[in-house]
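Novice: Structure provided below as structure tokens; questions to follow.
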Amino acid sequence: MAAVNGHANGHINGFTEKMGGRFSHIPRTIDIPVQEGVEDEAVEVDLVDLIDDPTELCTLLENEHVDKNLWMTIAMAYAKQKKVDTAIEILNRSLGALTHGKSTEKLMIMSAICWMYLWKCREAPRLKQGSGMASDAKTKENYIHEATQIINEAARISPAYSPFFLNRGVLSLLRASQPLSAKGPQNKSEQTDVLIQGLKSFEDALRASANKNMMAMMGKARVQFALGKYPDALQTYQHVLERAPDIVDPDPRVGIGCCLWQLDHKDAAHSAWERAIEVNPDSAIAKTLLGLYHLQHSSQFPITDPRFVDSYKKGISDYITPAWKTSIMMPLPCVTLGSYFLTKGKWDQAEKLALRTIEMSDTNPVISDGWYLRARKEHYAGSKELALDYYQKSDAGRGGDEAGYLPAKFGIAQIKVLMGDLSDAKYRLEKLVQTAKIPEAMSLLGTLYAEEAFSAVEKEDRSTEAKKASSLLEAVRNSWRDPKKNARPDVIVLLNLARLYENDQPDKSFQCLQQVEKIQLDMIPESAKPVKEEDQDEAAFALKVKEMLPPQLLNNMGCFQYQHERYAEARELFQTSLKACVNIRDTDSTIDTDALVTTISFNLARTYEAEGMASEAKEVYDGLLQRHDDYLDANARLAYISLKEDPAGKGAAAIKELYKSASRNMEVMALYGWYLHKAKKRTANLAEDSEQRHYKRSLNDINKHDVYSLTAMGNIHLMVAREMRRDTDQDKDKRRKIYERSVEFFDKALSLDPKNAYAAQGIGIAIVEDRHRPQDAVQIFQKVREAIKDASVFLNLGHVYTELKQYARAIENYENALAKERSRDYQILSCLGRVWLMRGKQEKSLEAMKTSLDFTRSALAIAPEHAKIQVQFNVAFVQIQIAQLIYTLPDKERSLADVEAAASGLDEAIESFSAIAKSPAPPFPKNDIEQRANMGRNTMRKQLERAAQNQREYEDKNADRLAKAKEMREAEIRRREDEKRKIEEAKADERRKVAEERHRMQERDRELAEHRAEEERKAAEAEMTEDSDGNRVKRTKRKPAPRKRKQKGTEDTETEAGGSDDEGLVSGTPATGDEAVEREKPKKKKRKLERKSERKSKAQSKYKSSEMVVESDEDEVMVDAADTAVPDEDDAEIGEVNEGAGDEVPAAASQARKKANRIVDDDEDEDEE
């Protein structure tokens, strides 16, 4: 019989022969003794070429009453060839044959049968579905039941039979690994109880074998790992490896790596698994774990990074695929490879591997991954019901509810969205976001809230949902900035944020679009970018590259630039967007490029209009009408341009023709109403107002909720009320009712559109003009100013501030209105002239009145014919006011030139008043104007003549004094400028000196740091020595013997002895099988010096006998002692008493001790003094 070349459980430490594989002790042949005749004979049985039906062999064994070892050997031979069912049959026959044998023999056979069932359980599928199994095929649950029966039967024979301890432990592990169900553990608590029972069984097996059963120790480590006690499991696995370094099946190195992985020492885990591959190159589990390590490592890099490709490819090609080929039924490589096939779109292969994972795995998380793969496959295929079912099973595989599998929970929420159950989807996503800040979940939840905000009608609903959406999407956006998360920016998130910020925060919205632009540019491969020409500048090349971006993005960015009145940038973007349409038409035929080109061309033409390029705008509009002759908006813009260029001729005809062709279009009606407002004859009778009749028809016949028509009606009533007479109470009451009617129109418009700033502005005007509450109107106009950038807002603010006599603010707002109105509206110039006049009268400032005159003359220069009489009257009025002010000013505050200019202006005013009085429609009664002219001609002219005579005499008399005063004033100005210059030079010199001093201090600190580092390096070098092999090692310290110190003046002595720590450290994975030799570390001594203040308080001599020597092996105590001994700079340094291995003492240590002694002596000398 061949010798057994394997070893049983319970190896002692220190063996050198490499362990054989499973069943290595089975010989090639075996002799069965046959008792026939006198001499014993034997039948040789070949254990390599086994017969399929062992019935005759079993009959032979029964007839010859062979020993149980023969039964066991033959059964193991069948098991070695994976014929486990036959082996179980032989062992069951042996139980019948050994009925009258010893109980221990039967227990040994029953133990073998139990192991066979446990083996079959590991390889059996968990479920029958989808695997083509026969109806009578057994699952894991069946084999667990049969193994349990065997163990229970053995317990009735002998409960204390030690080999069954190991059986019970492995059975508990298998039972605990079953999914939570009615047939398995009911909940996590029961699962934990089963694992604890298994732990007790393994510990019983260890006690029975005097801690020599390595399989029991491996089982104990496995239970500790399953219970989450990773440090304990790591220590147990390492103990197994120390005692049996050649064990490879199962391999403790795999367990060590798993523990290190859970303890977040991933590189150390990688090393352990690599060692497992070196010891056993065919280890499928080690290859799988190494593959998972490389896949996890690849997740640290963006998918565009070459390192991601290399690491991912290495994990799949070098480890996962070979592991799967080695053991195609192993669930872990199956599910990993299935995920890879899923990303490649190989649905059928992924489905097969997922099914195999679910059927074969006995680990809940792996089963959960299998269901997740199936769910994703059905999700991609559009089978929402199946996908939802599989996602729920995947989630339940990891605990469900509060625990569960986060990707599966997210998948359920996605399916709920596809099914239209948004409430349930939001509820699940809210819980998911609260559990873990997953960017994908926050992105989907934010998108759902954003869509609700976009579709909401009421302002409050929209603001609430928009706030939630922006908060979630901003959190996702911030996660991209974290380099550890390595998250990729999502264009959809940025586009949703841009829409959310569009109205309230346009700058943020534009920033989002710019970020989208950058992402899109980065996605363009270098090979696809155009080649830069030699004479092409960077800006032109950048525009050329932008032509490869989506035209929709460029169009949106151009619209934002237009809204911010950056028309040149907007025009550039629209032009680039048109070129991008040509590129996208060549690459994607599914996009409607004609619609894009039409929209972008219209936007470009509007930009041309804003820039004053009317001919270019008309050319674009004409091109649009050639392609789409029914494009009403283009026709309307052409009519508007014609109206601006020729209000009375072609423009009026074009507007009327447009209105005739689309009289029921609300946009055209709005434009025609604007034309009527400009062209109509002013009247105080609402019934005769053509504009009022137009908007009344619009509201009555077409759309009674048209906001533009309602706002226009409110404005018409405002203008009529403003011009109404206020002579009697009846007139005032009628006027008040018209104002109230205008407010009703504005209020109706605001109820339909809460953000209608023009309607709010109308209410503000009514408050000022009717109720005379300018302060309330200021608040309204300021809010309106935040919403619209129109000249009318600043104009109204100027009016209100004028009423409040805040002339500086009024001037500022009038100037802003003038800047907004590029055509230099004469009315705004007139308002500026008016407010400067009022300011000049209040401050008695001649310069302010001159400014008023300049603005009023500018208004007269550009005023239309129907308004020239009014503006001319304003000019004459300002000239009269200047003449009056000049006459009242003291001689020292005016000059002769000012008086003469005022006299000249007075003559012009007299002539203007005379001409205005003779005009057919003077702005005021004719008699009043003639009286002003006569007053200027008779009274004011004479007053200015006397003022000129007095001013001439005053200047002649005080010419020298004025010259000296002027010279002194100029000298004082020069002196102040010199002083200011000197102060600035002194400050600059001080800043320079501070900078130089700071630089010197930095240099000095750097030199000190370098010097300190050099000293530390030398000190470290001094502590190094060479060992027997010539390697540089740190010098070990000999433990000094305890010694007594006698304090001066006392007979007491103090001694301390160092303690020892009995607790051992977890040993690392040994490289060889030799037993590690633990060396006791030498104990350290620290000298604890007293504080200087304490030494002064005690009447002690300067001998060191009063110091206490403290010993400790713990670093924490050493640190505390050091902190206590050196509280400040005045305290002495601590010198470490150090004795070398021989008689030689390092020079550096000796110098350190001498230095410490000198410092202590110096301090004590000071005490004596």
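The backbone N, Cα and C atoms fix where each Cβ goes, and this holds for glycine too.
Keep in mind that what you see is a predicted model, and the values were worked out from it rather than measured.
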Novice: If TrEMBL is the reference, give me the range from 126-149, 342-365, 822-845, 942-965 marked as region 'Disordered'.
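Specialist: It is 942-965 that TrEMBL annotates as region 'Disordered'.
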Novice: Looking only at the repeat 'TPR' (791-824), what is the mean pLDDT?
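Specialist: Value for the repeat 'TPR' (791-824), mean pLDDT as a whole number: 87.
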Novice: Are there residues at least six beyond either end of the repeat 'TPR' (791-824) with Cβ under 8 Å to its Cβ atoms? List them, or say none.
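Specialist: Those are 612, 757, 761, 764-765, 768, 774-775, 777-778, 781-782, 784-785, 831-832, 834-836, 838-839, 842, 858, 862, in sequence order.
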Novice: Counting by DSSP, what is the helix, strand and coil composition of the compositional bias 'Basic and acidic residues' (985-1021)?
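Specialist: Residue counts in helix, strand and coil order: 37 helix, 0 strand, 0 coil.
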Novice: Which residue counts does DSSP yield for the repeat 'TPR' (791-824) in the helix, strand and coil classes, in that order?
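Specialist: Looking at the repeat 'TPR' (791-824) with DSSP, the answer is 27 helix, 0 strand, 7 coil.
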